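According to Swiss-Prot, the protein has these features:
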BINDING   G169, D170, R171, G172, T173, G174, K175, T176  ATP binding site
SITE      S363  site 'Required for activity'
Amino acid sequence: MNIKASEIAAVLKEEIKNYKADFTPNEVGVVVEVGDGIARIIGLPHVMANEMILFESGAVGLAFNLEEETIGAIVLGDYYGIKEGSKVSRLKRILEVPVGDALLGRVVNPLGVPIDGHGEITTDKRRVIEFPAPGIADRQAVKQPLQTGIKAIDSMTPIGRGQRQLIIGDRGTGKTSIALDAIINQKGTGVICIYVAIGQKASTVAGVVDTLRQHGALEYTIVVAATAADSAPLQYIAPYGGCAMAEYFMYEQKKDTLIIYDDLTKQANAYRQISLLLRRPPGREAFPGDVFYLHSRLLERAAKLSDELGGGSLTALPIIETQDNEVSAYIPTNVISITDGQIYLLTSLFMSGVRPAIDVGISVSRVGGNAQTKAMKKVAGTLRLDLASYRSLEAFSQLGIGLDKATLAQLDRGAKMVELLKQKQYSPIPFEEQVVVIFAATKGFLDNIEVDRVHEFEWRLLQYMRADKQNILDDIREKKDIEDMDGLYKIIEEFKSKF
């Protein structure tokens, strides 16, 4: 075979002539300072706010502060492998978390990585953690109840599907217990639950997971945990990650979802720490100026979607921890103004044995009343006012002034009502049974029963109804109404005569 040099040269010239360089320039930055979950970087002139960046160590971060010369980034996860001089590159995307049915029953960190030791989570579905809240046209009125199984809440401060109801109180007043009761009570209702633990001890989170497992609630629940041992950036993004997981079920599967943020005080503290480390100007209580937006953009994502979007819902129960019952502090007042009502737990009530320790006077539900069933409205209509007047009369009676018979009778009925509304932890009561019990109390059937026998009366009444009058309970549950008030009165009267 005879190959001529001129032919080779001609082929090479043709190839060179037609060659087009195809390359993508890649911006690279350098870490100049790192510590406490924060990295300061030079370079990356075109990086966007909240864009993901990749460190040489394999850690992922978010571009948080965009300054003239440097970028302030938060590191998501372990920042100990990042050193001064480490290379950083852009990922050109915003933070996403895995979502879907595969996460149900699992414990994950805010990035969706499993931390329960039960293997990898296999899902190809992902959602961005920062998603716009639905607009007015995409929502509909809250009109369907979300039963918590707690008598005091379902009767006086009812929660509707799509509502945001704040649980607020001092440390150790039973805030988490109320949230867990609400999750346990969703068994069999088709509601998907997400529990977001922010800044709690790992042992506390393990206890919560164990409680949910014991009550068969873990199978429809996702636990998102950013524990006290995790860095401030992870605690900051935890609620948004949990919300994205809940939104998948609301938007894609058209389901009702319930999310617990336990608690947003610790998230605000983590955000304050990040902001101060990044030299953002401090405001009231050293929080940055946009701390209101931190919570408003999260809680506005809770909604009851319009029928055109499938009619799914996201109900949010944020928890706020107060110091010495100080409800007028900065973060509590912010979240109170964002939410649709609050359940206020009082230390003095908790210590005196009233559990759940709900202060009826200051607790309110602004939209849940529209979602309350007709049956509960009929029996619990005056309950809040009666209990509030009982509290004021009780304070007045401490003075030792002689009281008339009517006032004494009101005090006696109020004390029995308070006793009736006490409830054991993790023992939610079905809605129809709550209706019967509260009906009996408001109609005066407890008047000649001693206070220490109120719970015995309640227990025996429910046993009697389940055994002999189950059809009445079924009717109330299906119709959400009491059609024959006189008939129910006679049934309880008949039971009372044998008690």
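Placed from the backbone N, Cα and C atoms, the Cβ positions cover glycine too.
Reduced to three states, the DSSP call for T176 (ATP binding site) is helix. Other Cβ atoms within 10 Å of the Cβ of T173 (ATP binding site), summed over all protein chains shown, number 26.
In this structure, the binding-site residues under consideration are G169, G172, and the one with the smallest number of other Cβ atoms within 10 Å of its Cβ is G172. Counting every protein chain shown, the Cβ of S363 (site 'Required for activity') has 22 other Cβ atoms within 10 Å.
With the fewest other Cβ atoms inside 10 Å of its Cβ, the least crowded of the binding-site residues R171, G174, K175, T176 in this structure is R171. Across the fold, the C-alpha of T176 (ATP binding site) and the C-alpha of S363 (site 'Required for activity') stand 17 Å from each other. There are 18 other CB atoms within 10 A of the CB of D170 (ATP binding site), with all protein chains counted.
Secondary structure at R171 (ATP binding site), as computed by DSSP, is coil. Taking the mean position of the Cβ atoms of G169, D170, R171, G172, T173, G174, K175, T176 as the ATP site, the remaining same-chain residues with a Cβ inside 8 Å of that point are E321, L345, T347, F350. For G174 (ATP binding site) paired with S363 (site 'Required for activity'), the C-alpha to C-alpha distance reads 15 Å. Counting in whole angstrom, R171 (ATP binding site) lies 18 from S363 (site 'Required for activity') by their C-alpha atoms.
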